[in-house]
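A.B. asks: According to TrEMBL, the protein has these features:
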type	residues	note
TRANSMEM	12-33	transmembrane segment
DOMAIN	13-116	domain 'EamA'
TRANSMEM	39-61	transmembrane segment
TRANSMEM	73-93	transmembrane segment
TRANSMEM	99-117	transmembrane segment
């Protein structure tokens, strides 16, 4: 059987994180669509269309990421969506970050680093 283990250097990890940031911006657009905009208003439609465009870009780039990474590494890094979403919620929507949010984020970062470190050592 063919060995499908792939190396995960820092450049590749940054590429993967950029894809994940694009994905999280689609969620921001979804929230912006309903944040003070009437249903089916011009701004609502613009944000929803931007949401779909970002999701399409994400889907294409995600397929490229799956070529470069073992599936378990790619999905472990995708869990970082929670971190980026928390950052955007605070910066864009002025939502409150709690101690529980920070503890949960630290756990996610630790787990992702462990998976990436293990992948680099193969």
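Keep in mind that glycine also has a Cβ here, set from the backbone N, Cα and C atoms.
Note that the structure is a prediction, hence the values are computed from the model and not measured.
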A.B. asks: Let me spell it out: take the transmembrane segment (39-61), skip the flanking residues so only those 6+ beyond its ends count, and list any with a Cβ under 8 Å from a Cβ in it.
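C.D. replies: For the transmembrane segment (39-61), the nonlocal Cβ contacts are 18-19, 22-23, 25-26, 29-30, 32-33.
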A.B. asks: Could you give me the DSSP helix, strand and coil counts for the domain 'EamA' (13-116)?
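C.D. replies: The composition, in the requested order, is 88 helix, 0 strand, 16 coil.
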A.B. asks: In the same chain, which residue numbers or ranges, 6 or more beyond the ends of the transmembrane segment (12-33), come under 8 angstroms Cβ to Cβ?
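C.D. replies: Answer is 43-44, 47-48, 50-51, 54-55, 57-58, 61-62, 65, 68-69, 74, 77-78, 80-81, 84-85, 88, 92-93, 116.
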